[in-house]
Amino acid sequence: KIKLKCCKTCTCQTTGTVQCNSGKCGCYYKHSQYQEGQNFADACNTCRCINGQVDCTTRICQCTYQGRTYNIGQRFGECDECQCLSSGTVHCSNKPCKCIYNGNTYRIGERFANGCNTCTCKIDGSVDCTTNPCTCTYNHRVYNIGQKFDDDCNTCTCKHNGQVECTYKTCRCTHKGQTYKIGQRFHEDCNQCQCLSTGYVQCTTKVCKCTYNNQIYNVGQTFRQGCNRCTCEVNGRVSCTNNPCQCFYNGNTYRIGDSFRKGCNTCTCKIDGRVECTTNLCTCNYNGKHYDIGSIWFND
């Protein structure tokens, strides 16, 4: 209750007495003046001016929520609906109004793409997405669903389950460390080879070389082996003449055709490995002594 001073007026009479009226003055409330007995509203409360005083009901008229003021009964908010109650408190439905996914914000019920999948912002604030794989990984490379690509001579497809399916053609032959394409022809020595669709190499079986003393010779090739002549035959074998290539004489070795001295004689290493020497007499025996042919001495 608010009390205001009465607005009685008093007059000083000629008789020397003071005469005052007894009129009621009304009320002054929140910068406004009201007549005695006047009823007026103050927000949701009802007030009345009585005997210079304002008497109001004491109902709570507003709610304060997150720094804002709302009237009793007022509803506000979007998906999370709130209401200002007569108690002055605010009651909210506590429904989430958005979803946050990968740093982005979506409204309840909103659909959005996530790669090849579709996501939906649910009423509880969660995000529900389809779980389709969007790519395939093959040999460290990434392909989109449905994409076709080549893997050597095969064709591959990225399937909807994220797996890669390829044809199973044989694309190569490996032969003695070398790789050949299907159908490719090549030579190996005197033989011709081909890479078959089975992945195997088929070659003709001609004998192309001879190996002799760790050396390789082509078929028909002739070569010398010491004093002999050898030939690489078509059967892959080497045939050689059988001539001896050295002579051994008195602990010494001589090549075929070599000549050497033996005393006054000359010896020759023959092609059959024998040594032939001339038969000249090289000394004279006289009185138990040997003298070279042509020597002169005194006979005592």
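Every residue number used here counts from 1 along the chain in the order it is shown.
The backbone N, Cα and C atoms fix where each Cβ goes, glycine too.
In TrEMBL this protein carries:
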DOMAIN    27-82  domain 'VWFC'
DOMAIN    27-97  domain 'VWFC'
DOMAIN    99-156  domain 'VWFC'
DOMAIN    136-195  domain 'VWFC'
DOMAIN    173-230  domain 'VWFC'
DOMAIN    210-269  domain 'VWFC'
The domain 'VWFC' (27-97), counted residue by residue under DSSP: helix, strand, coil: 0 helix, 36 strand, 35 coil
How many of the residues that make up the domain 'VWFC' (173-230) does DSSP mark as helix, as strand and as coil? 0 helix, 34 strand, 24 coil
Within the domain 'VWFC' (99-156), count helix residues (DSSP H, G, I), strand residues (E, B) and coil residues, in that order. 0 helix, 34 strand, 24 coil
Mean of pLDDT values spanning the domain 'VWFC' (136-195): 92
